[in-house]
Ligand SMILES: Cc1cc2nc3c(=O)[nH]c(=O)nc-3n(C[C@H](O)[C@H](O)[C@H](O)COP(=O)(O)O)c2cc1C
């Protein structure tokens, strides 16, 4: 049994590139699980746009910049980052590797990144936090009736911020899962959805996500719950200036500009395309994370140049996890950081703050 597991879930790493890690993940995951990861909603226009949006920008080389040892350090809501990377909250992590989010968080901690720990993960907030307390500092929650209860529980566990997913009151129209009749074992999503201590059961939340027509919060309901969070909270799934302003008006401390990796509204605009407008609307001081489509260090660079303070890795982290558990995620974080550092040298940016719109240009039409 062990031997079989070892060969199915590799733990050795000699990956040269992020593409190799992606291919290794694709080779190891069962086809319908791979579709669950790779897939988007509808015609998958947004899924494709999220990647293409990065290809429309170019980074300007700066010869003789004198920058030899750039710093990739920053912070997010007072939490230090050695590299501007956070791993995304993704549910069902044990479907990708039995070590799941505890392994993701350990890898993040070793690289000085942060991990956003999902409510619908395979492991509890407590387990993931215990595995890597310097990375597992943000807990994600879906805005259903129990959000304030979750906030109190994760605060007791030592979490410092809550990430509220605004863009998933029901699951998107995920065509690949529908074609596959994808029906994963719900236990993989039940790390926190235990039905105990005020937490809903996994069947209840799955019902809400899948049935379309249940209870969906509005801003005033979120405002009322957020007043009782007792933790700073991050609004995840903001794609318009209007939504950004609404979230900030009811007390959000930071934003994740995101279209959920193309898994919700399709066709929605690429996150990167909406980022400059949102940054302009909220001003320079509000911390902004960007996700949806980050696959390389150049993607990280472009997101920072267009207004993000750091980026969130969904599929890139999942590929690392599936390919080789903790060490796979570690290698993903290393390769992204090293490419970013290389580009900072070549473009003459000594700090992340120096990566701004003057260092990039649109591709020729
Ligand atoms: C398999 C999978 C599961 C996800 N589960 C969640 C979730 O439970 N909660 C959430 O807020 N976002 C979830 N997301 C969205 C990610 O947090 C993130 O927004 C998205 O993956 C970013 O896009 P990228 O994959 O292109 O990096 C999930 C994404 C994937 C791929």
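Positions of Cβ are set from backbone N, Cα and C atoms, glycine also.
Feature annotation from TrEMBL assigns active site, proton acceptor to 260. Per TrEMBL, FMN binding site is recorded for 89, 90, 91, 140, 165, 236, 258, 291, 292, 293, 294, 295, 314, 315. Annotation comment: TrEMBL describes 174, 260, 263 as glyoxylate binding site. Taken from TrEMBL, the feature domain 'FMN hydroxy acid dehydrogenase' applies to 10-365.
Listed in sequence order, the binding-site residues among 89, 91, 165, 174, 292, 314 whose CB lies under 6 angstroms from an atom of ligand 1 come out as 89, 91, 165, 292, 314. Rounded to a whole value, the Cα-Cα separation of residue 263 (glyoxylate binding site) and residue 292 (FMN binding site) is 10 Å. Look at the binding-site residues 165, 258, 292 and count other Cβ atoms within 10 Å of each Cβ; 165 has the fewest.
Rounded to a whole number, the distance between the Cα atoms of residue 174 (glyoxylate binding site) and residue 89 (FMN binding site) is 18 Å. When secondary structure is read from DSSP and collapsed to three states, the residue listed as 'active site, proton acceptor' falls in the helix class.
Nearest by CA distance to the residue listed as 'active site, proton acceptor', out of the binding-site residues 91, 165, 292, is 292. Look at residue 314 (FMN binding site): DSSP puts it in coil.
For residue 292 (FMN binding site) paired with residue 174 (glyoxylate binding site), the C-alpha to C-alpha distance reads 16 Å. Largest CA to CA distance in the FMN binding set (89, 90, 91, 140, 165, 236, 258, 291, 292, 293, 294, 295, 314, 315): 22 Å, whole number.
Summarising the environment of residue 89 (FMN binding site), the number of other Cβ atoms within 10 Å of its Cβ, over all protein chains shown, is 25. Neighbour counts were taken at the CB atom with a 10 A radius for the binding-site residues 174, 263; the maximum falls on 263. Cα spacing between residue 258 (FMN binding site) and residue 174 (glyoxylate binding site): 17 Å, rounded to the nearest whole number. The glyoxylate-binding residues named in the record, 174, 260, 263, extend over a maximum Cα to Cα distance of 12 Å. The average per-residue pLDDT of the prediction over the domain 'FMN hydroxy acid dehydrogenase' (10-365) is 96, rounded to a whole number.
On its own chain, residue 314 (FMN binding site) has 88, 90, 261, 291, 292, 294 as residues at least 6 apart in sequence with a Cβ closer than 8 Å to its own Cβ.
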